[in-house]
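This report refers to the structure that appears directly beneath it.
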Amino acid sequence: MLSICSIYKVVTEILTPETPRDDQYRPSHSLLRTSNHTKNMSDPALYTVGWICAIPTESIAASLFLDGEEHERLTYVSTNDNNDYTLGEMAGHNVVIAVLPDGEYGQTSATAVVKDMLSSFPNIRVGFMVGIAGGAPTSKNDIRLGDIVVSSPHDDTGGVLQYDYGKMIQGQGFLQTGFLNQPSTLVRTAVSGLKAQYKKKGNVIETKIKTILDEYTELSEEFGRPDGDKDRLYKADVVHPAEIEGTCGDICGTQPEKLVERRARTLREDKRTIIHYGTIASGSWLMKDAHARDLLAEERGVLCFEMEAAGLMNHLPCLVVRGICDYSDSHKNKDWQGYAAMAAAAYVKDLLTRMVPSRVEAEAKLKEVIDSDLVLTRSQVSQKVDAIGTTTQKVHVDVGELRMQEHRSRMIKWLSPSDPSTNYNKALEQRQEGTGLWFIHGDAFKQWKQHSNSFLWLHGIPGCGKTVLSSTIIEHLKRDTSFGVLLYFYFDFNDTSKQTLDNVLRSLIKQLYQQRPDARQPLDQSWNAHGEGSQRPSTSSLQSVLQAMLNMIDKVCIVLDALDESTPRCDILAWLQTLVTNKSAACQLLVTARREEDIESALQTWTHPEDRIAIQQSDVDADIEAYVTHEVHHGEDLKRWQSRPDLQKEIELKLMEKANGMFRWATCQIEALRQCYYQRTLRKALADLPKTLDETYHRILKNIPEENLPDATTILRLLAWSERPLRIGELIDAIAVQPNESPSFCVDNRMPEPRDLLKICSSLVVLVQRPMDVNEKDDGEFYYGDPNTVESDGKEEVSELRLAHFSVKEYLMSHRVVQSFTGHLAEDTARARIATICLTYLRDLDHNLSLKQMKARFQFAQYCARYWTDHARKTDEREEDLQRHILEFFEQRTTAYTTCYSLYDPDQPEERNDQRRSDDVAEPLYYASLGGLVASVARLLDESADANAQGGLDGNALQAASDGGHDKVVQMLLDKGADVNAQGGRFGNALRAASYRGHDKIVQTLLDKGADVNAEGGPFGNALQAASDGGHDKIVQTLLDKGADVNAEGGPFGNALQAASYRGHDKIVQMLLDKGADVNAQGGEYGNALQAASGRDHHKIVQMLLDKGANVNAQGGHFGNALRAASYRGHDKIVQTLLDKGADVNAQGGRFCNAPNAAAFAGHL
């Protein structure tokens, strides 16, 4: 932010230009060229158009558009005029072109140039700032390299927004410090006229540039239009590495997953230079931050960024025209500078053509306009500064908050937590009003609420209503203002994203992060430690983060429902023990679960008997009675018996007689009684009520009409064994597939009314409508036009079919299931059938459609592409029918095969793709190896598939199998001659892939087969650095034992020690040091291990390295030295440790010159 002093200095400097002498503009007689038809063009008074350029490239471009020869140079200018001028005629106007001094950029230099120009050329009437800028493309403004941006008045900016980018870097938001006033009416009218002209006739800017360069051929390479493939817009998270030489394409890559997907411009657009009109941002720093760029583009409608325009002073009526040469990010691109400068100059010449010279000469002199408008008293200057300060404060707050919102959004996307509110809301919808109060008013709950570090386990039989009771408890705690922080989670058998320790940790961390800003630091530090979200955190890392966050708040309440539906339960139980026994956090924990043996055994070791509460049948029966009474008297179907109170009473008595505390049983019987339309059928049903849930489910399955059995079987298979819940549209297509027919799928076979799905399986399934998850729009499985979504209060909701209760899934997966379903629902059979349905569905799609059209028309396609391999791998893949379909699928290279791997790329599962692939689809052996399809790999190899064929992101089948952790496939490939040291792919070779992923068995297999333990290459340099980066200490030890060079150089971190230090793997750091790792080895992005650990706040590792003799003042790397890294990141504890060890606070070098500058720049002083 500009200080008041600096603002005042700039303003007063403009207000007090040098007063010229009377004879100042008298040209030297010896240089006059007089005739009857010409004027002496060395007279400064003849020039009416001022043209400002920042760099020589822009000045050259401008001069190339002059008409005829350049005018002679002036013989006299103002005494203190330091400018260099190019003079000439353009479209009938006399133009003076000035360029900033060599090596000087920014607002201050631009201000000085204008000031000197107006002193020497008193008759300038219009001004232009013409040159290059960095674009700010958004979904609204499709800005490309070579486009033109013209400043146009908008809101209060006058076309140019002045901001302080320095404060943005410090994480404090953008500060608007002023604005550039709009140009004169004459100029704005000409802009409108030219816009209309271009709209009617198009522009021929590119043709004009080509014509000029045909004459000046020596300039064509620098100023001609580059090839279109050099126009790459990288995603905001892809940052060009600092201090690494080479082209951006070579260093950052050109893979589609790194680039923003943009539509191809039409032929008509390609023939014209595209011109954008709007706000240009002018700052004191070069914009090189894509996230900062995007914030200002969205918040203020900025089209491009530059550094000079705002220096033309707050009220200079100047038009700014910029050619786009890069995208205002770290990927600065000089290839486009010459052409962008030419495009901007060509536009201004066209604009001058529309401005009649006599009309320009009639305009007020800019010098006089400035003198009259800006002769401010000191008090007026102060008022102006105060006004700017007010605007600054508002924009600071608004944009700072926007920045924080974006950071939180990125953080949540990185965590990818599941949303427990779906379960909470569903349970509340099922609850009968007034139930569960027996627990809320009970002594056990009251005692639990009153004590910190308290624990309660509520246990009960299956179907007794534990989940509904959990929601009642959560609802009560939400209303209790004494509970400042409430966190909750529902384990869910239906949803694999709600079953593991990793799942619950992510969700609780996200909730706590949102509720308590004062507890966010541990997660922010973890984000930084994981490459600012580029790597997924481990479960142990998440556990540490949550504990650290909990330690920072006074009191927190956590409710966990259905612990028995988690997997593996041993991990959850061990974590709960840590949570309860750790007294550093005041945590009140309440869990519900069945009384399973492993749960009870674990809890008995670290809880007291009074902490374990059994849900009594009498309490639940009272709630069941309230529910049954309401349904009988007010239910949509059962109220048909309201004229027969005797029958109503009989229903209530019979159900309560056999409910035995099972809420789930009661709801199933109510569902069955709704189908009784006559008194005789009602009495028959009441006389023969099932005794248990198993018997209830048995009857439901037996009562499914024979004609519906195939559809019911398919639905139950998918819901019982699918990796995620299925949407209505997906199931509609799934049950329409007939694998043994040809075609197996036809749209005419779809069920016409989707909700009839519920009737096929009766009360075994339930329809759930849930809000779309925060990350779901980036999910490759989701298509924006999905008819499975509905609008609810402006938010999209997804309609899914799920099994109604955990007891349903247990029954379907057990040997107790009704005989007619036994063989069909066993895992091997079920998964084989699902995989077959997926493959045959993919085969019969319309492969002529675009992917976008296919996702909209065939809702099951994305699921099939994503999950068929998982289902095939988890079954007996040797089953002949499935194997036949897999091999047929592999042969359909131009249809189903290509469509599948276009819809879902297993190499990059998180990438969303809307473009059909063809040339880059790998061989069947590659995908079979990556997916771990043992039988398919064996069959393909027997049919002479090349085990060393190149292709895919992993380069070859062996690396793919090593990446995926499929040890049987790895062994098969090696036995068939796969080259164990084959180079290529994303990891460089198979050993590095397995080492990074942590597959220790595969690492051992590869080494036993002769893998070179010190082979160099790939993104990690060598296997030891890959394992050190991934944090796999067992593999690190294996590699060292096999002779890995502990000091081998290469990779982004230079060596294994720096990689482990950067990631915070202290155990591996110690192992490497014990093996002789050079603690002062130089190289890599951070120069040395000490700087890497210091920048990532790993204090324990910093101390270990210093104890081993690390040079505290070693220079090099991204920050220059360790102290500057810690200072910039704000790690005060490490700063103190380094200073105590003799770090030189004034050492010069690196990105910020010295440590105090680094700390100040990041806002830590």
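A Cβ is built for glycine as well, from the same backbone N, Cα and C atoms used for every other residue.
Any TrEMBL annotation is an automated prediction that lacks curation.
Among the features that TrEMBL reports, domain 'Nephrocystin 3-like N-terminal' is placed at 434-594.
According to DSSP, the secondary structure content of the region 'Disordered' (519-538) in residues is 10 helix, 0 strand, 10 coil. Feature annotation from TrEMBL assigns region 'Disordered' to 519-538.
For the repeat 'ANK' (953-985), the number of residues in each DSSP class (helix H, G, I; strand E, B; coil) is 17 helix, 1 strand, 15 coil. For 953-985 (among others), the entry in TrEMBL reads repeat 'ANK'.
The average pLDDT computed over the repeat 'ANK' (986-1018) stands at 96. Look at TrEMBL and you will find 986-1018 (among others) tagged as repeat 'ANK'.
For the repeat 'ANK' (1022-1051), the residues of the chain that approach it from at least six positions outside its boundaries are 538, 987, 991-998, 1000, 1003-1004, 1007, 1013-1016, 1057, 1059-1060, 1062-1063, 1065, 1067-1068, 1071-1072, 1075-1078, 1081, 1083-1084, judged by C-beta separation under 8 angstroms. The repeat 'ANK' annotation in TrEMBL covers 1022-1051 (among others).
A Cβ distance under 8 Å defines the sequence-distant neighbours of the repeat 'ANK' (1055-1084), meaning residues of its chain 6+ beyond its ends; these are 529, 1020-1022, 1024-1025, 1027-1029, 1031, 1033, 1036-1037, 1040, 1046-1049, 1090, 1092-1093, 1095-1096, 1098, 1100-1101, 1104-1105, 1108-1111, 1114, 1116-1117. What TrEMBL records for 1055-1084 (among others) is repeat 'ANK'.
If one looks beyond the repeat 'ANK' (1085-1117) by at least 6 residues along the same chain, the residues whose Cβ comes under 8 Å of a Cβ in the stretch are 241-243, 525, 528-529, 1052-1055, 1057-1064, 1066, 1069-1070, 1073, 1079, 1123, 1125-1126, 1128-1129, 1131, 1133-1134, 1137-1138, 1141-1144, 1147, 1149-1150. The repeat 'ANK' annotation in TrEMBL covers 1085-1117 (among others).
In the repeat 'ANK' (1118-1150), the DSSP tally of helix, strand and coil residues is 17 helix, 1 strand, 15 coil. According to TrEMBL, the feature repeat 'ANK' maps to 1118-1150 (among others).
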Intrachain neighbours beyond the repeat 'ANK' (986-1018), with Cβ under 8 angstroms and 6 or more residues off its ends: 953-956, 958-959, 961-963, 965, 967, 970-971, 974, 980, 1024, 1026-1027, 1029-1032, 1034-1035, 1038-1039, 1042-1045, 1048, 1050-1051
Helix, strand and coil counts within the repeat 'ANK' (1055-1084) (DSSP): 17 helix, 0 strand, 13 coil
